[in-house]
Structure formats: structure tokens, C-alpha cells
Amino acid sequence: MQSVEDRVKFFSKDKLKKYRELLAGSIKAYPGLFTIYVLLAITDTSLFSSMSIVIANLIKNITNEGGKSLFGFTMYWYSWVAVGWSMILAYAVTEFFFNYVGGIWTRKVEIWLRVKCLKALVDVDLTFYSKNQIGNYMTKIIGDSQGAADGLNEWSNNLIYIIIMFIVINIIMFSLNVEIAAIAIGVFVLLLIISLVIYFQYRKATIVSLDYKQNLDADNTDRLMNIRLIKSSGTELSELERIKDFNKIYAKKINKTVWLGTLLLIFANFLGWILPGLITISIIFMYNDTYNLAQITALVIPFVSTVTILAGAMFLLPIILRALSVSMNCNWRLNFIYSQKSIIIKPSEPIKVNQINKIELKNVEFIYPESPSKLILPKTSLVFEKGKSYAFVGETGSGKSTIAKLLLRFYDPYKGDVLINDINLKEIDMPSYLDKIGYVEQEPQILYGTVMDNIRYAKFDATDEEVIEAAKKASLHNFILTLSDKYDTILGERGFIFSGGQKQRLVIARMFLKNPELLILDEATSALDNIVEKEVQAQLDKLIIGRTTIIIAHRLSTIKDCDQIIVLGGNAGGIVQVGTFEELKNLEGHFNKLYKAGLMG
Ligand SMILES: Nc1ncnc2c1ncn2[C@@H]1O[C@H](COP(=O)(O)OP(=O)(O)OP(=O)(O)O)[C@@H](O)[C@H]1O
């Protein structure tokens, strides 16, 4: 979150650096489009600004038979009318393409920024997600990528316009009359400085009042959310007074923004009159004695038309600054997202896994990077052999799920190594490894989309028949047939038309389709009620057959037939017992206590 001071500061070294990166990156991403955009901007603005030359020449020639020659043609007043109309036509066409290409470029920059952020969010490790609310970030990505791109378009196209217009207008004015041109530019610069001073005051006041309002809104929400405390304390009146006092301060702050905003508007409007008026008076005052009326008119009209364009540009300056500030601030906020670096470092030369023959935890110690002072797993060594089944049991918080996260490389061990076929997991090509793993967790992950696509997520190239076969194995097929669109039924956000058990069966169907070598079941049935759990467990039992399986269990009944049960102790106790169900059941110790505590379900 940016502080008010940060936002009030128009430029900062970091903001500028990141903005330069945005500019360079967006130009590099679409070089052709950007070049066309700039060329169109130059043509468009040159045409618009040059209209003053045509008007000036038209007025000069209106009393003459024929004036200067242009490209070998003698120009009459009607020739200038023809040139003017051709330029208006050409201007209309370039203006259309300029806006069109500008629009396309802007949207492409927006998409480019969005993809950049989403790529960072997909790549970043899970610690980012445990520290940040992803909903907030999605809102930011949507709003800020649009704000950064729109702002970029707005300020760049207006700036190109102002620069080219300023050059053309200067050429025209100085070729008409040097003294008057110098007065016009001098007054223009002076008025520009005044309007910039007002603008920056206005900008600061707006940011400060907006910030106060946000805090005020948050405070009001907080008070209303705790309405029961207020009611039970009888503090309604004092709360009301408090709200009134805060709003009085807000009203004062907003008052400043309103009057500065009005001043800015009036000043900009007034300029449209001041500059041409001042120039007319100057011409009359300076040349009254030496020029006749026709000569004075011939000077006043082109000057007035050029300085009117110049005064119009003054309106644009606050627009450019506002757009630049919005674009820079949006990019600055996005930068927090797209510059996230994963703590999981990808290997430079990843080793592909063809088969998972052996998994080993070798002297693994683990601490969550989010809570660096809390040891979760003390030095732990374990071997999982191909085709065997393993179960982790232990009290809540003993680190069972953490083992699964280490095997999936959601995290790297703090010390020690996870070895796959004696190769360090850090060196392994993760897609080739994960392709052989099926992971079922307590909270089924259902995507927005059809039932068919949801099951197919386990194997993108599976045929419809294969998907249906998998659903049959997971005992889900008959239920799917009762849905309005059968396999094409759209599952809403997080699959709300499915019950908990049905969602878990859908995940199991995915596993049947994927046919993984290693199955990790992390409390797969713990969110289900007893009856549904038994039904889902029956599907899981089918799934387990013939695979290496690691089960993290909350009920001991589900792990009776496992080859090895690993008992973890609480308070970072690590492995306290290892054995089969029958061995451990009759042995005094941790497992026996869990057994007696009724965890047989
Ligand atoms: N992302 C995290 N950041 C910090 N600490 C975490 C994180 N995830 C889990 N922990 C802590 O690590 C410890 C082990 O968690 P883990 O989920 O592995 O336990 P568990 O044995 O699976 O528990 P349960 O049976 O309740 O699911 C707990 O104390 C938990 O609070």
C-alpha cells in the first residue's frame, strides 16, 4: 500500500525507474504498433497545427490576386481554401487511424501487463499466498493494468500533440512577427507556470482528502460491524458525535480541493480569452501608428488563431500530468505483483523423471518461511519404496500435511534433501515429476467450467470416452447423467452444484484418468460426514490398488492395511513411531493413545 506522502510525490527514483521499464517493455512487446502509433500522432498533430498556416495565408491572399507560390503553383485565396479542405479530410482520416491504433496499443499494453502479473502469480511460491489476500490482488490487477495503459495512452498522445503543435505554432508566429511572437510565448509560459502551481496544489489536496475519506469509510465500517458493542455500551450518541467530528474535518479538506479545482478550471477557461485578447491589444498598441487597418487585421487574425490553439494546449497540461501520475502509480502498485520472485528456484538444467522408483527424505528439517522462528519438522529421514503404501498419523499440527507439501515442492526443506530416484528434487523437471503424481487434498479444487473439462484437467488429451470411464470408476457417472447438461454442465464457482462428496469424487475421477504412479491423499475425506466418507473411501480404496501411496489420515480406520504407519509427535516432535497397524496398536505409545482416543472412526 502506498503512503499519502508517496502518492503526493509526483516523481520518485523508484517510480520513475519502474515506469521506464514499463515504457521500454511495452514498446519492445509491440514495436510495429508503437511505431505506427507515433507516426500517426506526428502526422495528425502536424496537420491540425498547420491549419493556422493555411488560415494565415488565406487571409493574406484574400485581398490579393495571387500570393506566394507553393510547389510551383501560384496560390490564390481559393487555392488555400482547397488546401484547407484537403487537410481537414486528411486530418479526419489520420485522426481516425491514430485513435484506432492508439486504442489497440493501449489494450495490448493492458493485456501485456495483466499477463505479466498473472505469470508472476502463477510462478511465485505459496508463501506469497499465505501472506496476501488474492482477491485484493485480482482487483488491483484488473483496475491498475487498465489505469496504467489508459494513462500511458492519454499522456503520450497529448504530449506528442503539444510538442509538435508548439513547434509548428512557433514557426508560424515567428515568421509572422518576431516581437509579437515573443510576447505571446512569454505570456504563455508565465500563465503555464501559474496553472502548474495551482494544479500541483489541487493534486496534493485531492490525494490528502481522498486518503482521509478512505480512512473515514474504513472507520465507519468498523464501527457498524461492531454495532452490538455500541448498543450494549449505550454509546450511540457519542459514536454519532464522533462521526460528525470526523466528517467536519473531511468537509474542510474537500473544500480546499473544490475551490482549487474550480480555480484551475476558470483559469484554463479564462486563458482562452486572455492570450488572444492580450495579443490583439499588443498589436494595436505597437502598430497603431505605422500600420493601416488592413495590415493590422492581417496580423491580428492569424495571431489570434494561433494563440487560441496555444491556449487550448494549456488545458492539456493538467490532463497530461494527471494521466502520467495515474499511470505511474498504477504501474508502481502492479510492480509489487509482477516483480514477485519465487523462493523455489527452478533448476538451470532440469532432469526429467521417467518413473518414480524411490523417494527419500534425507535429514530433512523444516521451518515455514512465513514463521521462521517455529521448527515444524526436526531432522527427519524416510524412504518411500515403489508400490508400497505409507500413512502419516499424529495430532493436529504435527506436520503431516507439511510432508506432502515438501514432496510436491511447494516448499524446499530448511535443511536436508528430498531425493527422487536419488536425485535432489531441486534438480528435477517438475512437470515430468508431477505428471506421475496424483494429489487429493481435503478441499477439492474445482474449476469454473464443464464437468468434462474439470475431470479432463488431469489429462488434457484424454478423449470423452476416457473421461466417462474415469467418472464411472469414481461412481460419479450416474449422478452426472442426472444433471441438466450432463457432462457439459457448467460447474459454478468452486463447483457449488456438487456436494462435498461429489466434488471429492470428481477429484478421484481425475486421478483415475491420470493414473498416477504415486498417490498422495492429504486428509482426502476429512471434510465429509461419516456416511459420505465411507462411500468416497470405497472409491479411494479402488484407486490405491497397485500404486505407491502416501496417506495423511485423520481416522485410523482408513489406514489399517498400509504397509507402514509413521506416527508424528506434536510440538515439532518428528517421527515418534513406525510400524504396521497391528504392531503399533498393541504397543504402548503415541499410536496407542490415538487409537484409544477413538480415532478409529
Ligand atoms: N504456511 C504456513 N506458514 C506458517 N506455518 C504453517 C503454515 N502451514 C502450516 N503451518 C504450521 O505448521 C504446523 C504443521 O502444519 P501441518 O498442516 O503440516 O499439520 P498437520 O499435522 O497436517 O495438521 P492437521 O492434522 O491439523 O491437518 C502447524 O503448526 C501449522 O500451524
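Every residue, even glycine, has its Cβ placed from backbone N, Cα and C.
What TrEMBL records for 21-42 (among others) is transmembrane segment. With a cut-off of 8 Å between Cβ atoms, the residues of this chain six or more beyond the transmembrane segment (21-42) that come close are 94, 97-98, 101-102, 104-105, 108-109, 112-113, 116, 148, 152, 156-157, 160-161, 164, 331.
Under the heading domain 'ABC transmembrane type-1', TrEMBL lists 36-322.
Annotation source TrEMBL lists transmembrane segment at 77-98 (among others). Sequence-distant contacts of the transmembrane segment (77-98) (same chain, at least 6 residues past either end, Cβ-Cβ under 8 Å): 37, 40-41, 43-44, 47-48, 50-51, 54-55, 57-58, 61-62, 64, 70, 157.
Taken from TrEMBL, the feature transmembrane segment applies to 159-176 (among others).
Residues or ranges marked as transmembrane segment in TrEMBL: 182-200 (among others). Remote same-chain residues near the transmembrane segment (182-200) are listed as 10, 170, 173, 260, 263-264, 267-268, 271, 274-275, 278-279, 282, 303, 306-307, 310-311, 314, 317-318, 321 (criterion: CB distance under 8 Å, separation of at least six residues from the stretch ends).
Per TrEMBL, the feature transmembrane segment maps to 258-287 (among others). Here the transmembrane segment (258-287) has Cβ contacts under 8 Å with residues 177, 179-180, 183-184, 187-188, 191, 194-195, 198-199, 201-202, 205-206, 295-296, 299-300, 303-304, 307-308, 310-312, 314-315, 318 of the same chain, all six or more residues outside its ends.
What TrEMBL records for 299-324 (among others) is transmembrane segment.
The domain 'ABC transporter' annotation in TrEMBL covers 359-597.
For the domain 'ABC transporter' (359-597), the model's average pLDDT works out to 87.
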